[in-house]
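S.K.: First the structure, then my questions, so here it is.
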Amino acid sequence: MNGGDVTVAGSDDLKSPLLPVVHNDEPFERQTVGQQLRTIFTPKNCYIALGPLLCAVVCLCVDLGGDETTTARNMLGVLVWMFAWWLTEAVPMPITSMTPLFLFPLFGISAADDVANSYMDDVISLVLGSFILALAVEHYNIHRRLALNITLVFCVEPLNAPLLLLGICATTAFVSMWMHNVAAAVMMMPVATGILQRLPSSSSTTEVVHPAVGKFSRAVVLGVIYSAAVGGMSTLTGTGVNLILVGMWKSYFPEADPISFSQWFFFGFPLALCIFVVLWCVLCVMYCPKGAGQALSPYLHKSHLRRELDLLGPMNFAEKMVLAVFGGLVVLWMTRNITDDIPGWGRIFAGRAGDGTVSVMMATLLFIIPSNIKKGEKLMDWNKCKKLPWNIVLLLGAGFAIADGVRTSGLAEVLSKGLVFLETAPYWAIAPTVCLIAATITEFTSNNATTTLLVPLLIEIAKNMGIHPLLLMVPGAIGAQFAFLLPTGTPSNVVGFTTGHIEIKDMIKTGLPLKIAGTIFLSILMPTLGAYVFASMGGV
């Protein structure tokens, strides 16, 4: 075995070892001191050491103003440690997300039970149930069937390139409303690139390719990644940022009413719709020149799409039941808490049932309802759930733990003093400023990390200004989702960039006007529609 001999002890040999002994005859090559040092001092190991080293520097050298701020200083050191590992990816992101479970108790920030509670609450339940439903949709190819049907509707004759682009983008945005935007981008990108595979490229053919063909390809890929981001803004389940915001609101203001799914939808959907319209217009102006439909029509025809749809066959019982469960979930989410005058079904349970309750309950049905494909088989089994994105679940838990630690340690109050200049500015100037700050930071860090860092500070600023905290929390969280300029901004951007159809200059050219438009719409809608939607949330 591996070039060695295996000696097995006889049953009557009491001096022989109980386990087999492997004799490896391969010579052991001793490393020199230089080789050993090169093995130890690799860039990744240096990045690993950077986290605790920076933490030690903060804890030993930083003075936040008195002995009573010791816990806040420790919290700052732990934050620096975690963000160093997140930025350098020295340690896998899910593992870094679990470090609060041991760092917070060891540094005297929070008790172990309190930290662990952050990793499993109603918001996490909402995410888990949604992810299981999304896996069911993906398993039965419902997303592909939906995309092909909608694209068929918009693929008119003669071909209208802007209209076809609208169909692809609208489908992606709709899918992203009901599942995580990264999952939506991952699921929709193969559908989009499948359509683009019919188009010729200058590298694969000797024929002269019309410039509109390449431009339309860029428009489709950009449309998918940006539509996934924009669509995710409209619902709580569309992106982790919205869930982090809800969790922080619940943590900082436990006596206030929680942000419900329907409440966020009434604000998030109009905002997302406005940004989506701008996205489509920008893509049409930049990438759909006159004559694009005529150039694309030889390669894109309804018959091609119908052929792919025919390959999927008619909808079977399992697909219909998954859609029924998904539809029931959306209805229950929207009707749990409607208005003060129309209480919704949540009143029956005295407010004890949350959106996570519904999410897990409907996901459980998938393991009970038969699929009618094989005898005894259910719509879902646990083997199909092995692709659950636990990294996102752990990241959300870390965000909630950090938010709670920043609050209880007093770090938020200390850091907010550095932004005291904002307290004297009018709200109409603060909202876009906060949004732009978040939108800038999120290009270089994950949107979840940006939200986790900024929102606690914005809460303290809002308290000092005497305004409703959500008037600053929402612009900070939404701004963190405007990662439109760089491939590294979000995983969705990476998905699009790796297709080879777009370059960084395409993202900057398209993303910059989108970022500006999003900031303007948010600055207008938050003090108007947002004030109306969130007005009933007292206890602040």
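Think of each number as a place in line: the chain as shown, counted from 1.
The backbone N, Cα and C atoms fix where each Cβ goes, and this holds for glycine too.
What Swiss-Prot shows for this protein is this:
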{"type": "TRANSMEM", "residues": "46-66", "note": "transmembrane segment"}
{"type": "TRANSMEM", "residues": "75-95", "note": "transmembrane segment"}
{"type": "TRANSMEM", "residues": "123-143", "note": "transmembrane segment"}
{"type": "TRANSMEM", "residues": "164-184", "note": "transmembrane segment"}
{"type": "TRANSMEM", "residues": "219-239", "note": "transmembrane segment"}
{"type": "TRANSMEM", "residues": "265-285", "note": "transmembrane segment"}
{"type": "TRANSMEM", "residues": "311-331", "note": "transmembrane segment"}
{"type": "TRANSMEM", "residues": "353-373", "note": "transmembrane segment"}
{"type": "TRANSMEM", "residues": "392-412", "note": "transmembrane segment"}
{"type": "TRANSMEM", "residues": "419-439", "note": "transmembrane segment"}
{"type": "TRANSMEM", "residues": "466-486", "note": "transmembrane segment"}
{"type": "TRANSMEM", "residues": "520-540", "note": "transmembrane segment"}
S.K.: Using a Cβ-Cβ cut-off of under 8 Å, list the residues of the same chain that are 6+ residues beyond the ends of the transmembrane segment (353-373) and lie near it.
M.R.: 121-130, 132-133, 136, 236-237, 258, 260-261, 316-318, 321-322, 325-326, 328-329, 332-333, 336, 346, 379-381
S.K.: Can you tell me which parts of the same chain pack against the transmembrane segment (164-184), counting only residues 6+ beyond its ends and a CB-CB cutoff under 8 A?
M.R.: 127, 130-131, 133-134, 137-138, 143, 146-147, 150-151, 153-155, 192, 195, 216, 219-220, 223-224, 226-232, 234-235, 237-240, 272, 276, 279-280, 283-284, 288, 296, 300, 326, 330, 389, 392, 490-492, 495
S.K.: Taking 46-66, 123-143, 265-285, 466-486 as candidates, which has the most Cβ pairs under 8 Å with the transmembrane segment (75-95)?
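M.R.: The listed stretch sharing the most Cβ pairs with the transmembrane segment (75-95) is 46-66.
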S.K.: I'm a bit unsure how to read this: which one of 311-331, 392-412, 466-486 has the highest number of Cβ pairs shorter than 8 Å with the transmembrane segment (123-143)?
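M.R.: Going through each listed stretch, the top one turns out to be 311-331.
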S.K.: Is the transmembrane segment (311-331) close to the transmembrane segment (466-486), in the sense of at least 3 CB pairs under 8 angstroms with a sequence gap of 6 or more?
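M.R.: By the criterion, they do not touch.
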